[in-house]
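According to TrEMBL, the protein carries these features:
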{"type": "SIGNAL", "residues": "1-17", "note": "signal peptide"}
{"type": "BINDING", "residues": "ASP60, ASP337, HIS341, ASP378, HIS379, HIS454", "note": "Zn(2+) binding site"}
{"type": "BINDING", "residues": "ASP60, HIS171, THR173, GLU332", "note": "Mg(2+) binding site"}
{"type": "ACT_SITE", "residues": "SER110", "note": "active site, phosphoserine intermediate"}
Amino acid sequence: MISPFLVLAIGTCLTNSLVPEKEKDPKYWRDQAQQTLKYALRLQNLNTNVARNVIMFLGDGMGVSTVTAARILKGQLHHYSGEETKLEMDKFPYVALSKTYNTNAQVPDSAGTATAYLCGVKANEGTVGVSAATQRTQCNTTQGNEVTSILRWAKDAGKSVGIVTTTRVNHATPSAAYAHSADRDWYSDNEMPPEALSQGCKDIAYQLMHNVRDIEVIMGGGRKYMFPKNKTDVEYEMDEKSRGTRLDGLNLIDIWKSFKPRHKHSHYVWNRTELLSLDPYTVDYLLGLFEPGDLQYELNRNNVTDPSLSEMVEIAIKILNKNPKGFFLLVEGGRIDHGHHEGKAKLALHEAVEMDQAIGKAGTMTSVEDTLTIVTADHSHVFTFGGYTPRGNSIFGLAPMVSDTDKKPFTSILYGNGPGYKVVGGERENVSMVDYAHNNYQAQSAVPLRYETHGGEDVAVFAKGPMAHLLHGVHEQNYIPHVMAYAACIGANQDHCASASSAGGPSPGPLLLLLALLPLGILF
């Protein structure tokens, strides 16, 4: 058996040989730092314009370790070592931290967090669009405790609004934008208990079509929740699990169509070919449901039937941007979370890289002068990578040494818990005997669970555009939509907008900004 210390010494030599020549010169690092300093000094001229548009990118489960690993993967996909690569979100000038706990949970779920960053109110885990007075699964605690979202505030202000997700359109994150539900799992009435139905609660798919009837763009998965029970799916005709689920017999696609004015151009599409054949500049309303459930992982995506997140974002912006009053767009990279839950880091990280590409696409189609863009996560995962790997080591590769305890190699990527826990012959599995670079490889975990869990640490918030500087420290997660609303002059914070307008200026002065933020208690 080779000594682990010898392996480490060999790894150190390899690391030294991987250092680019320019990085050996101190001038390289000093010049880089000086350029960054000059850029930072320019940020003292704050962008206090009113945000015509607001775009929120939500990486579900995209904790800081996921961001870093995705950065390295992005670089390695372009044949660089990866560590020095910049994600699109890395280029945003302002970064804050968001405290993700739910009102009743130290480690949160995606429903309570969505209520926080969309509705501005923290809530219990498993509930969407309601305050903490609503108890999960208890329909009779819903009425009177509904809270509205920034999507509704934007719509009430005359803006166009859109939702784009790689999950079901009635999944936890998007549902908080339009629904009020005591349980995130009430996708259709088929998933609801009889008691909830008898008390008058409506499923989330039903609420999508009825609560905010004029959402201009809805794209994602979730077809089966829109059709009557056992209706055959248009794409997977032989798959029983893809069939319609609704017990009430409603066809929500037909209902969606019926709510649209006849003089408007409304389109329902279910595949990428149909989507890309549209002229977005002539589309007023778009509903795209590309899978019965969640969309396929990016690594598994059929590029004939399923659009990429970047493609959906591009079309959404083209449709929404026609409104002279601007738009609000929620974009979710939702399957980052699913990949981590399955312990399949490769799937999760490729989802994150694709979302970053969508962020870049949105950046080329908008201006920081009138568009506030925020990138954040709802929560983290117990995902990590380490092991003293050398520069340029494959993000999915092995650490440069074996364990000094069981004398076996290990991958850099590991999970605190999850399905990757494996014991062979009473010992930890030897990963050199399996294909740890496979798309579906489940990274080893310390504790065996069928599904890996969320993490409880703070997540990053990246911001650029008007009023982005208001995201500047450690904040409660529910603070985020208050910033978006303040920047766009929608929702409750509008006094500063009227004052600025009457004075002939585009934005609030420092005193008005102070007065507007005092009630939120965020200055202390």
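Each Cβ is built from the backbone N, Cα and C atoms, and glycine gets one as well.
Positions of TrEMBL features highlighted on the structure.
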residue: ASP60; record: Zn(2+) binding site; CB count, 10 Å: 28
residue: SER110; record: active site, phosphoserine intermediate; CB count, 10 Å: 27
residue: HIS171; record: Mg(2+) binding site; CB count, 10 Å: 28
residue: THR173; record: Mg(2+) binding site; CB count, 10 Å: 29
residue: GLU332; record: Mg(2+) binding site; CB count, 10 Å: 29
residue: ASP337; record: Zn(2+) binding site; CB count, 10 Å: 29
residue: HIS341; record: Zn(2+) binding site; CB count, 10 Å: 21
residue: ASP378; record: Zn(2+) binding site; CB count, 10 Å: 30
residue: HIS379; record: Zn(2+) binding site; CB count, 10 Å: 28
residue: HIS454; record: Zn(2+) binding site; CB count, 10 Å: 23
Inter-residue C-alpha distance, HIS454 (Zn(2+) binding site) and THR173 (Mg(2+) binding site) (nearest angstrom): 15
When distances run from the Cα of GLU332 (Mg(2+) binding site) to each of the recorded positions ASP60, SER110, HIS341, ASP378, HIS379, the nearest one: ASP60
Separation of alpha carbons, ASP378 (Zn(2+) binding site) and HIS171 (Mg(2+) binding site) (Å): 13
Environment of ASP60, ASP337, HIS341, ASP378, HIS379, HIS454, the listed Zn(2+) site - residues of the same chain whose CB lies within 8 A of the CB centroid: GLY61, ASP109, SER110, ILE336, HIS340, ALA377, SER380, HIS381
SER110 (active site, phosphoserine intermediate) and HIS341 (Zn(2+) binding site), Cα-Cα, nearest whole angstrom: 13
Spatial separation of ASP378 (Zn(2+) binding site) from the residue listed as 'active site, phosphoserine intermediate' - C-alpha basis, Å: 6
Rounded Cα separation (Å) that holds between HIS379 (Zn(2+) binding site) and THR173 (Mg(2+) binding site): 12
Rounded inter-Cα distance in Å - THR173 (Mg(2+) binding site), ASP378 (Zn(2+) binding site): 9
